[in-house]
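Noted in TrEMBL for the protein shown:
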- Gly173, Gly175, Lys176, Thr177: ATP binding site (BINDING)
- 162-290: domain 'AAA+ ATPase' (DOMAIN)
- 373-442: domain 'Chromosomal replication initiator DnaA C-terminal' (DOMAIN)
- 1-81: region 'Domain I, interacts with DnaA modulators' (REGION)
- 129-345: region 'Domain III, AAA+ region' (REGION)
- 346-465: region 'Domain IV, binds dsDNA' (REGION)
Amino acid sequence: MIDVEWDRIKGRLRDEVGDAAYRSWLRPITLQDAQDGFVRLGLPTRFMRDWVATHYGERIRNLWGAENPAIRTVEIVVGNAPRRPLSAVAAPTFAPAPAAVAASPVADTVAARPAAPCAPADVDELGAQLDSRYTFKNFVVGKPNEFAYAAARRVAEAEAVSFNPLFLYGGVGLGKTHLMHAIAWHIREHNPTRRVLYLSAEKFMYRFIRALRSQDTMSFKEQFRSVDVLMVDDVQFIAGKDATQEEFFHTFNALVDQGRQIVISADKSPSDLEGMEDRLRSRLNSGLVADIHATTYELRLGILHSKAEQMAAAVPQKVMEFLAHKIASNVRELEGALNRVVAHAQLVGRAITLETTQEVLHDLLKASDRRITIEEIQKRVAEHFNIKLAEMSSARRSRQVARPRQIAMYLAKQLTSRSLPEIGRKFGGRDHTTVMHAVKKVEELKGADQNFAEDVELLRRMLQS
Ligand SMILES: Nc1ncnc2c1ncn2[C@@H]1O[C@H](COP(=O)(O)OP(=O)(O)OP(=O)(O)O)[C@@H](O)[C@H]1O
């Protein structure tokens, strides 16, 4: 009975979030326990547990409540233990589940879109080809890009022009082009009669120069002014190019006057674009300006999951966590690193491991020769286990804090040249025998528990590189 309910809930979730997001985050959930109005769901890693709890927790709870009002509590834990036989969940002994809460404002990940929704022939000769992978579904949303994503979606979905222009900006490789293509795909798919023109500012300039050379600026103007949606990528390219800016300015005005939508991207905000005429800068500022911030660890991990899924590659969670920690510069590099690791594994016919990842990416990950400090180790371990840094020196002995503390002591012994008494002093003035005991304990556990060993190894590699 409870299994059937769970299957139905999974079906609903799949419909709601789409196939790819479902496969990435929700399919791995196991139903671990269900009794007395209580359901426990498990996920294989802490990261996945946190992600699912944050992004889908409320929805899952509501669906359980709707499916079986006896279920009052839904717990999401780390672990894959198979469910033990259940006692049937008693019917309405309990109060109904809490009322629906607004869904978390988050983002669905991913989806390997089987094929481009529009044939290349659809792409206007004037513009650039759209990449069929750059769709909203394949765009992973997190804090740093949720505003830009929401603005892009609004422009794509709106029947009437809502803000003009939409100006997207952010650092290199953070997804500006992806979002622009996604807008174009969406409009072409849902509103095929609207003429969408996407091109880079460089191409705009090139077309303009060609028109000047062939003394055919009239048809150039006509072509550009007849579109419904004009999207110009990397507008910083025309900085300092006065004639192109002038033409762009007039095109811009003509389109805005006719109520056509304009979307622009750049690496800086309009106010910070150097070499732009003031009047153009002011136009660029006059709509909605949305920036894409540098990625966070969680977003990078989400993106890695999505990309691995699209490549149908079996990339261990630990490798993804490692990459997400180490390659923080931009998404393009992160994607490149993942591609290299996957390609290498396929070529040599070996599974992907942390070791091979480090080998393959040694140039990217170039181990810095700085010295690792005990403070760094404590901080990284505390973060990893989600405990307060102060617990590293506290007197508390509960397993939840004692084990991470022991791991930190072990790593301090392995990765620094500090003596046992010195290490002990840094951990709340503990005796050197406590440190010895910790080192021994961690070695024992590493030998007995593969997961534990991998966790410690991951921490060591993160600290070292
Ligand atoms: N949030 C995201 N989800 C999925 N893929 C992403 C995301 N952000 C960036 N990417 C991917 O990273 C790569 C680089 O993104 P994109 O080309 O859109 O960056 P950009 O901001 O336009 O860079 P540039 O400043 O160099 O023009 C692309 O393959 C894109 O699909």
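From the backbone N, Cα and C atoms, a Cβ is placed for every residue, glycine too.
Overlay of TrEMBL feature records on the structure.
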residue : record           : Cβ contacts under 8 Å, 6 or more apart
Gly173  : ATP binding site : Ser329, Asn330, Val331, Arg332, Glu333
Gly175  : ATP binding site : Phe139, Asn145, Ala148, Ile292, Val331
Lys176  : ATP binding site : Ala148, Leu168, Tyr169, Gly170, Asp233, Ser265, Ala266, Ile292
Thr177  : ATP binding site : Asp131, Tyr134, Asp233, Ser265
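Gly175 (ATP binding site) falls within neither a helix nor a strand when secondary structure is assigned with DSSP, and so counts as coil.
In terms of DSSP secondary structure, the region 'Domain IV, binds dsDNA' (346-465) contains 86 helix, 0 strand, 34 coil.
Mean pLDDT across the domain 'Chromosomal replication initiator DnaA C-terminal' (373-442) comes to 92 in this model.
Report note: the ATP site is defined by Gly173, Gly175, Lys176, Thr177, and the residues of the same chain whose CB lies within 8 Å of the CB centroid of those residues, excluding them, are Gly170, Val172, Leu174, His178, Leu179, Ser265, Ile292, Val331, Arg332.
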